[in-house]
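In what follows, a single structure is set out as structure tokens and then discussed.
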There are 4 protein chains.
Amino acid sequence: MSFQNPVFIPGPTNMPEALRRACDMPTLDHRSPLFGQILQPALAGVKKVLKTETAEVFLFPSTGTGGWETAITNCLSPGDKILAARNGMFSHRWIDMCQRHGLKVEVVEAAWGTGLPADRYEEILAADTNHEIKAVLATHNETATGVKSDIAAVRRALNAAKHPALLFVDGVSSIASMDFRMEEWGVDAAVTGSQKGFMLPPGLAIIALSPKAQAAVESARLPRTFFDVRDMMKAYANNAYPYTPAVGLMNGLKQSCDMLLAEGLDNVFARHHRIAEGVRAAVRAWGLELCAQTPDVYSDSVSAIRTPEGFNATGIVTHAAAKYGVAFGVGLGEVAGKVFRIGHLGSLTDVMMLSGLATAEMVMADLGLDIQLGSGVAAAQEVYRSDSAIASKEAA
Amino acid sequence: MSFQNPVFIPGPTNMPEALRRACDMPTLDHRSPLFGQILQPALAGVKKVLKTETAEVFLFPSTGTGGWETAITNCLSPGDKILAARNGMFSHRWIDMCQRHGLKVEVVEAAWGTGLPADRYEEILAADTNHEIKAVLATHNETATGVKSDIAAVRRALNAAKHPALLFVDGVSSIASMDFRMEEWGVDAAVTGSQKGFMLPPGLAIIALSPKAQAAVESARLPRTFFDVRDMMKAYANNAYPYTPAVGLMNGLKQSCDMLLAEGLDNVFARHHRIAEGVRAAVRAWGLELCAQTPDVYSDSVSAIRTPEGFNATGIVTHAAAKYGVAFGVGLGEVAGKVFRIGHLGSLTDVMMLSGLATAEMVMADLGLDIQLGSGVAAAQEVYRSDSAIASKEAA
Amino acid sequence: MSFQNPVFIPGPTNMPEALRRACDMPTLDHRSPLFGQILQPALAGVKKVLKTETAEVFLFPSTGTGGWETAITNCLSPGDKILAARNGMFSHRWIDMCQRHGLKVEVVEAAWGTGLPADRYEEILAADTNHEIKAVLATHNETATGVKSDIAAVRRALNAAKHPALLFVDGVSSIASMDFRMEEWGVDAAVTGSQKGFMLPPGLAIIALSPKAQAAVESARLPRTFFDVRDMMKAYANNAYPYTPAVGLMNGLKQSCDMLLAEGLDNVFARHHRIAEGVRAAVRAWGLELCAQTPDVYSDSVSAIRTPEGFNATGIVTHAAAKYGVAFGVGLGEVAGKVFRIGHLGSLTDVMMLSGLATAEMVMADLGLDIQLGSGVAAAQEVYRSDSAIASKEAA
Amino acid sequence: MSFQNPVFIPGPTNMPEALRRACDMPTLDHRSPLFGQILQPALAGVKKVLKTETAEVFLFPSTGTGGWETAITNCLSPGDKILAARNGMFSHRWIDMCQRHGLKVEVVEAAWGTGLPADRYEEILAADTNHEIKAVLATHNETATGVKSDIAAVRRALNAAKHPALLFVDGVSSIASMDFRMEEWGVDAAVTGSQKGFMLPPGLAIIALSPKAQAAVESARLPRTFFDVRDMMKAYANNAYPYTPAVGLMNGLKQSCDMLLAEGLDNVFARHHRIAEGVRAAVRAWGLELCAQTPDVYSDSVSAIRTPEGFNATGIVTHAAAKYGVAFGVGLGEVAGKVFRIGHLGSLTDVMMLSGLATAEMVMADLGLDIQLGSGVAAAQEVYRSDSAIASKEAA
């Protein structure tokens, strides 16, 4: 595997050199006033990216999985009931985590390749007249299938059912790459990590809790210490931290937010959309299909591409790494061997994406798929050529 | 605060440039074979540093606090009884964590400045004929007081009482700086972090479980997912990870172990001892006293220095940072305002230490303490001059 | 201009991260023994890359231009006669330098796009029965036209004429990318820089002098001090340097040689050839022509591509930078506006090259040239797919 | 030699991490508009540091030695007469260079340890009624002896003699560390390098020519191409460069100027003076003497310290490196073995300096000199404590 080529996995993403440097800090005394000068702008920057003014942001030396655990252990109690849909590997894992923490999960099964069924949520919530359901889980972007769900619709379902359950959203592979409106959508807990849209190394769980979620913290009885947001809240007020913070990553997060906001969130989202459109045009040119079943659920951060019946899609990933030094993503869970994934989020340009598409073509041709070399590239080039206004404003 | 000067806090430590670079990796696909080439040597290296062949090592994107939580949530069940001594801020915090996880802690209070009372442990364990106590907690090095405890003695206490409790040891500020013999001492869970003796940035919890502790994992009923070692064990067997690993830090850990083992653990410990001896000689020359009450508990990684009655020791830290750009550690908890701390672990040379001592002298003189300039430096110089054989083998 | 995309200029090249780090050294006392541990392996490594055992290598904080000046000022005297061909911008500049130093240059004009006329050299040398010509200049690879010349043929011309003139070769854009046989070809002075095949930042002139050239140094009367190889030779013998060396670049050069030799020079040259073949296949697919007139002079490090009559080729470079953030090279001198150049030397993979070709296609289409999108990419993909054995051994 | 400790050589200096990063740039196309955004601010910044508005600045991939050569080859012709004083190794070397370039040098010998004899200059210039002397050389700071000369006095000598000779000043170890007033002092050529006061790696010669010197360029007949300022001037006007520029170092220079100007030149000079005063206080406390004979010539960037008769001062440097991993400077030329040098310029804090003094004490004691440990440190501490207002504003 060559470090010269970009990666095309759905995170960790390619990192801008400026952010790597921001993370690679000399040792800083986190009990000195300098720490607050990193912490506070990082928290403020994340709030802007999440489009919330009322939520509190928490940063843990952890990952998105730790972020999920933070949301549930801080807001829920043993035996609480949860509503969640399973439409891919990551929604599956979150459900599993809830069960391991002693929560009762009402699971709505949805086809892998479809979005969250907000209508089913509404039915179940409306039927839950005793309000036994304490939280609704929603995966904004299913990284395993390349499927984006409609969080606003989930909120409407809750509202229609007049249900007080908390809305927890996994935005790990959407936040900072696709539009996320924490306040407008009434999200109570938003979870992400450092290594996706924020273009940083892994190692930071990023969690935001709405005032309603914060209010639930005191009565929540699931045990936690490392992930206890109360300790964080108390410490943040003094520009401090309950234990040793991952200062470098926090400094990187501060700069990442600065970089994203300088580019403009709308431009960031448009860039991701444009690059994704190029990938989707290539997939069509290849005569293949996305795992995502309908255009309304196409993800702008990752595409899972179905390969023909009988072909082992995992071979594409292995061969691309071994022969061309390029990393793509394998299919997971139910779609293992049936799809391969192209990550197109984070620090990426049209030009870099074209090298990924060109590689995918060579790999598929090498493995005997009926792919015309250059066909997908040409389709993507058409997309990238036509959107010049934005192309020139690529992230540094 | 200037980044030009070394820090003299008890972690995070000064970092060798080679380790910063090892951590600052380009994006690597952690599902590719390259990951195993980082993971396995890192695990093997930690085992050598811990002097264990039978324990399993686990690396979490977390900190020492997460390491404590890993130990207790993976080996214990709600309501289990724990034995622990409180002789400083960090032993206090671990006790607090146990209580927040619903464990019953029998707390042995010990004076701050003394080591763990192994004799009291033995009495209590001997009296626990029903073996209700499931685990014994021991803080190897109390970072708050600069006190090292005798873990071998705790093991002897357990053995003398023929008690089957697990022995959990917090080695956060000792491991890789002072001798730690996991196997010989019969330690069941050893916990540390990346940012102390391993000279890396914070962000990695390092935990080792003995076969006996591993056997306890299946029956342990405290909920955990992020910190579940079962998922780690399963994944490690496939050179994989249950979620996104902090690859850079793991690569740093691999190189840190290589560096420590190349220097030779005995040389590493001797270097820490020599530098610490210089600091202690300086303290004596200043006419001050250590918080640590007797030489047998002097820590080789951090010294807590008592200032005269009525003097606010915290002012030393504030003034050193503001006027000289140098970071020392404040007193915590019971000794807040009464001590200041000089960290002398990790990547440090005699020469760097002398600049810390010279700074402390200026600061104390500035604040009106009766300190003769150059006196502590001279005392330390005598120590450092006389130990030439080792001095020339400083860590890179 | 985005730093995310590779550059496709004929130097400075893309740099492997390992080499950037080797150059970015902390301050080292160049009067300490450490300096020799960098200097000597760097000199030895360059000799291996040049395929010479008898030449002496000199490293100046300078560039290829300084290397030219080193060769002429150390071996020649005012009024000396020189034979040189002009077949591009860089051979022109070297001639100009000779003239500015008071040398008389017999210039053989050759069409831009052709190689050095060894037969003309032979005629002139044979006619120079008084051996007034003291040195013959030969540009191994004309960076301006993408033309490689046959240095062995120039040597044969000298031999055929039984002429004792020194043979000076500009290998700036060939050495370490294309085969260079200093000893076999009887080269007396070989000149290059750090920023091409050695994949380093600019700032180092690399010069090798044969024993015959060294013998000429004492009698040479052109004034020089900074570029005086006698001071270098004397200093090198003591692991020293006549003034402050560019230690970081020299450390980078040492590592670059290690990296090239570890890959294997034949593999390095084959990789450059394969990538170049892909570019040339793309050019043919686009229906365009190279500036280099015949396959025997095709350069494996840079291609100059003629655009249709009446089209301003420089616009391609400007547009690529402005819209797509990609750097190509403009035409220089006689071919300014008539060609654009694609550099394909140094740290480059097939995958990176494909992104350059894809970009060139978009740019040419944007500017109205009749280029079918994906056509050049497809042609290059065929080349890159078929050479799998080597593809997987890309430079790190 | 450990990279953990600071260096105390008179250049290359310790480098701020921010400047190392500025130099360690990804590859940039120097023919793109980005280059001008680095070049022009670098040139403008140097002019501010030199306190000139009318001079032109030139940046060569070279060193101070190349800067000397630039000054003489661009302004003088073979056979021209030069006036120069020799009071140390570096003034000696510049004289030697002039002679090797065919210039006639009238050498004024001055004791090593004294400054330039402006009165002797005036006598000689007054006697040169035919104005045969074309240039006067003056070394502002003799790095070999730690002696600063009075350039304003040299200008007064020229003026008093009404002599039109050009005034060339070697400011290699003074510029950006000590006050330098190009315009006020009527300096015609100022020469320095990147690795001293600018705190950068070596590799850049920095030259400024007054309008009068620029006017001399056209008629100067010494041959030069690499160092020809005419090519530079022409290129700079187009944001271009006559060959491949050392872009990273130029970017570093831009940031270095920003950093120096942000600190404030007066603060930079005061910081150097304060640190030097501490060193001098230590030397007195040790009972030793400076090579510099009188306080008016004490250099604020380097101190050469005489050791007792019969003691080999070079042993101090060797022993410090071998046993303590610290670099000091040896004596050169006439004072070889008689002095050792402590460099105290560039990126340095009081705290770092104290570790250098403490090391020097241990070394001298180790080698049998009658030095009281801590004595020099204490003397320096007194200096550093008393100057708190500036201490807290140290360069990052």
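One is the number of the first residue shown, and numbering goes on along the chain from there.
Glycine is no exception: its Cβ is also placed from the backbone N, Cα and C atoms.
Feature annotations, courtesy of TrEMBL:
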- B:30-291: domain 'Aminotransferase class V' (DOMAIN)
- B:Lys196: N6-(pyridoxal phosphate)lysine (MOD_RES)
- B:Arg341: substrate binding site (BINDING)
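Taking all protein chains in view, 30 other C-beta atoms sit within 10 angstroms of the C-beta of B:Lys196 (N6-(pyridoxal phosphate)lysine).
Rounded to a whole value, the Cα-Cα separation of the residue listed as 'substrate binding site' and B:Lys196 (N6-(pyridoxal phosphate)lysine) is 15 Å.
Cβ neighbour count for the residue listed as 'substrate binding site': 26 (other Cβ atoms within 10 Å of its Cβ, all protein chains included). Summarising model confidence by region, the domain 'Aminotransferase class V' (B:30-291) averages a pLDDT of 98. Reduced to three states, the DSSP call for B:Arg341 (substrate binding site) is strand.
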